[in-house]
Amino acid sequence: MRSSLTLVGTLWAFLSLVTALASSTSYFLPYWLFGSQLGKPVSFSTFRRCNYPVRGEGHSLIMVEECGRYASFSAIPSLAWQMCTVVTGAGCALLLLVALAAVLGCCMEELISRMMGRCMGAAQFVGGLLISSGCALYPLGWNSPEIMQTCGNVSNQFQLGTCRLGWAYYCAGGGAAAAMLICTWLSCFAGRNPKPVMLVESIMRNTNSYAMELDHCLKP
């Protein structure tokens, strides 16, 4: 079973899969921001959170210690986080599609040419840029009331207060940076150049096929 990728292309496919999985996993995990509320640890991503307050008996607040996503898109605490959710999700989807095609290129001959590899690298650059934009938008939502309650009521845009950034935020940003810088560069050398003999054979096959179809159509 021949591959359509060079040795560098195989490395590119592996790194593409790693960066796509790192960014996508971090996107879904609610560990972008850590704080505390009512003496309990609280964590957020863009559309999920762990541990949240509810009204108990006597209208007192109690903490429910479980993780989940917000009930609706509009329930996400701020417009910046809503934008971050869409932009980062689109970037992760793009990186996953390119990674899947790259892995298939390791197993299928003539799937990825030199030009196709470069186009896929451009798609990776766009995907990484979208995720990086999402990471840049994330601090704009730190002034929402829900986040301020978790961060000691002193947080603001680009000011964490008593909160701290989580490992998932850095993992998503690192995966995006690797996709933009390393994978995009490696993609330029990923695909094999089509051999002249194979090109001639392909052209001849197509020409013969078209000639047979034309002859069949012209026959009474």
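Backbone N, Cα and C define each Cβ position, glycine as well.
Under the heading signal peptide, TrEMBL lists 1-20.
Feature annotation from TrEMBL assigns transmembrane segment to 79-107 (among others).
Under the heading transmembrane segment, TrEMBL lists 119-140 (among others). If you look at the transmembrane segment (119-140), the same-chain residues 6 or more away from its ends with a CB under 8 A from one of its CBs are 16, 19, 23, 27, 32, 46, 78, 80-81, 83-85, 87-88, 90-95, 97-98, 101-102, 112, 157-158, 169, 172-173, 175-180, 183-188, 190.
Feature annotation from TrEMBL assigns transmembrane segment to 167-189 (among others).
For the transmembrane segment (167-189), the residues of the chain that approach it from at least six positions outside its boundaries are 6, 8-9, 11-12, 15-16, 18-20, 22-23, 25-27, 29-33, 45, 88, 91, 95, 117-118, 120-122, 124-125, 127-129, 131-132, 134-135, 138, judged by C-beta separation under 8 angstroms.
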